[in-house]
Amino acid sequence: MAAAAGEEEEEEEAARESAARPAAGPALWRLPEELLLLICSYLDMRALGRLAQVCRWLRRFTSCDLLWRRIARASLNSGFTRLGTDLMTSVPVKERVKVSQNWRLGRCREGILLKWRCSQMPWMQLEDDSLYISQANFILAYQFRPDGASLNRRPLGVFAGHDEDVCHFVLANSHIVSAGGDGKIGIHKIHSTFTVKYSAHEQEVNCVDCKGGIIVSGSRDRTAKVWPLASGRLGQCLHTIQTEDRVWSIAISPLLSSFVTGTACCGHFSPLRIWDLNSGQLMTHLGSDFPPGAGVLDVMYESPFTLLSCGYDTYVRYWDLRTSVRKCVMEWEEPHDSTLYCLQTDGNHLLATGSSYYGVVRLWDRRQRACLHAFPLTSTPLSSPVYCLRLTTKHLYAALSYNLHVLDFQNP
């Protein structure tokens, strides 16, 4: 008992040990904190880590977000955008940089979150601590457990209404806007049982996007359409655009003034075209000299003037509308000549792509052309495309034909 009491006293004394600036030691530590911050801002990650081992005060001092922000902005998937906006202010920057090294080195733990018996073409979205995923003609909502690498098995909600498979869906204004193989668009309120569907196209609706109360859809019937989200005007088409090609992907500009379509590149020479959202008129087309069949399967805006695209021609292309609409700024080629089904970005340096064979997920550092890491998620007998990718600063989620996979970079 006496020994135990002595140990407790030692622990309490250690806990009470002052984290204040040491009175003795080099004169450097007696400088004003502002000057110390300036000096330490020139240190790299390794030097800051070693300095933190000197004493408790320096460990606290070198954990300051200000010292790690510059390092984080140059790191992969640390929660900072290209313009320096911090998307995760509640998480210490030092902790994010630590996890970022696992992304850079490809250190992760693979797991399977969901399985299904029949082959699917799932799509998914993340929102806060919830995951929404399509299975056949349903959309299911699951809640993540605190570790982010597992799900509560019982769905939070099930959203139905389509007669055929859900091809695509987005989350907008507490609504789920879904595109179905039955040619219909579905509107589901997330926190109620309200569901409306209406006939939108003559054939399956392959893609949909919704921003600012406006819905855009693209279909196999070679049209793109613009719709209002307002409850009193659901199903009233604002514009019908003849694209001369099957529309595989679609995205609204953050400025809400235009939208881009990614088409099959069979009936029209350009698979990427930008349309005026208010008039439905063609504004411009991107690129030139695309080979027939170079369809764009995924397209996304990173900013009002920059966007990324990928598809059948095995390239990811980065476009900047301020420089040129005929030539992309940067491109990355899938090294095994596989179709690229989907892409995701951290808004800064990290790019993730999903390939058509063996469930291969690739990570790219956009500052270099070569692939950084590749993760084959299926073996030869069960080869599957990666239909959809989503990522956070700690995890990457990949939806395949039979499974939903997670790559955990926080606890590799």
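The backbone N, Cα and C atoms fix where each Cβ goes, and this holds for glycine too.
Taken from Swiss-Prot as is:
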DOMAIN    25-71  domain 'F-box'
REPEAT    154-190  repeat 'WD 1'
REPEAT    193-229  repeat 'WD 2'
REPEAT    236-277  repeat 'WD 3'
REPEAT    283-321  repeat 'WD 4'
REPEAT    327-366  repeat 'WD 5'
REPEAT    373-409  repeat 'WD 6'
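Take the repeat 'WD 4' (283-321) and the stretches 236-277, 327-366, 373-409: counting Cβ pairs under 8 Å, 236-277 has the most. Non-local neighbours of the repeat 'WD 3' (236-277) in the same chain are 200, 206-212, 214, 216-220, 222-228, 283-288, 290-301, 303-304, 307, 309, 311-312, 319; each lies 6+ residues outside the stretch with a CB under 8 Å from one of its CB atoms. Listed by sequence, the residues of this chain that lie at least six past the ends of the repeat 'WD 2' (193-229) yet keep a Cβ under 8 A from its Cβ atoms are 159-162, 164, 167-170, 172-173, 175, 177-187, 235-252, 254, 256, 259, 261-263, 267, 275, 277, 280.
Residue counts for the repeat 'WD 6' (373-409) by DSSP state, with H, G and I taken as helix and E and B as strand, are 3 helix, 19 strand, 15 coil. Here the repeat 'WD 6' (373-409) returns a mean pLDDT of 93 for the predicted model. For the repeat 'WD 5' (327-366), the DSSP-based tally of helix, strand and coil residues reads 0 helix, 22 strand, 18 coil.
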